[in-house]
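Encoded as structure tokens, the structure appears first; notes follow it.
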């Protein structure tokens, strides 16, 4: 059986090829209860309907657990563990394969095709996981250096701890939203003149609203309270990845972050893509990240050198005037720390991760300005305008701006492994 070609029409260049099979949560106008699906080409396969119509009849492993596909999140499916994720994904690939060993399941079953294969344009996607906790890391070393240069100069850009630990902070899970959800500009305290002799803040709408191009990882396997997750077992707790935009209010953050770090500057919104690309689908695209020239402690040492992913990431902006511009192209390999290292460090105190917890990579930037994953870097803190099409410029985001992040792996247009889109549009701040 070959999983490179399908009897089902999958457009060339689709992020959701047969090599992918990402999982998400959907509803439709005629069936508004959210349930589990996979994306395949321009369609979603409704796994609740598929299971109810004996779609998994040839996969005994999942039969006792088919209720997970009727849940409004992927948590129950994720908690079954990576071996189950793998066999379910492989089975679905075999069902869609051109030479499928199970033609009567779907290929020759036109009735089930009409019921369960839904055009993506006709479905509503929902937050794929019920997120208990969200932790944002700072593993993009080039971004950390660029931001540090703006605040402390190049000699002290990276803090002494940076290459020893995956630096992170606890974010706000309640404001993580699915792609397409509008983001309202936050209000808060800012300093209009940071160089003034006396610092007195002004309450106003954020004036330096920014993006952060990141990857997000979902946890599938919990560790017990008090028992750290060993580095060489951490990959078993990795469910899959999404694109992540951690919107940032730079002026609010500049006033609030000493001494405890980001708070209101980050808690108003984080956007993720709707489809979770399983860790197994990403396995062929593992690559080396940024080399760490510092000797790290044993609990963070991985056996694998290839521990991050070769994902082509892109950021586009569409303005209120209708002009669209690509503002960044960068690769996901530009990380100093891997997600297993983040999980091992997160739990070294005995902190329990839970199924559905979300980890952010931190902003991913490359070596040139065309690869910077934030406007903070591209505009040098607001000193230089970023040129857009139609003669427009930006230092930070304006109301009506729509940001789209995409990410894709592979070079074969018939076998891409992609994430779809991570989209958010800025709405004006509330008048308080």
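Cβ from N, Cα, C; glycine included.
Computed from a predicted structure; not experimentally measured.
For 19-128, the entry in TrEMBL reads domain 'Fumarylacetoacetase N-terminal'. Counted with DSSP, the domain 'Fumarylacetoacetase N-terminal' (19-128) comes out as 43 helix, 24 strand, 43 coil.
The annotation Ca(2+) binding site is assigned in TrEMBL to 136, 212, 214, 246. Around the Cβ of residue 212 (Ca(2+) binding site), the number of neighbouring Cβ atoms within 10 Å comes to 25.
According to TrEMBL, the substrate binding site annotation covers 138, 152, 253, 257, 363.
Within 10 Å of the C-beta of residue 143 (active site, proton acceptor) there are 27 other C-beta atoms, taking all protein chains into account. Summarising the annotation, TrEMBL assigns active site, proton acceptor to 143.
Within the model, the domain 'Fumarylacetoacetase-like C-terminal' (159-422) shows a mean pLDDT value of 97, rounded to a whole number. What TrEMBL records for 159-422 is domain 'Fumarylacetoacetase-like C-terminal'.
Taken from TrEMBL, the feature Mg(2+) binding site covers 246, 266, 270.
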Cα separation, residue 152 (substrate binding site) to residue 214 (Ca(2+) binding site) (Å, whole number): 23
All-chain count of other Cβ atoms within 10 Å of residue 253 (substrate binding site): 21
Nearest-integer angstrom distance between the alpha carbons (Cα) of residue 257 (substrate binding site) and residue 266 (Mg(2+) binding site): 11
Densest Cβ neighbourhood among 136, 214, 246 (binding-site residues), 10 Å radius: 214
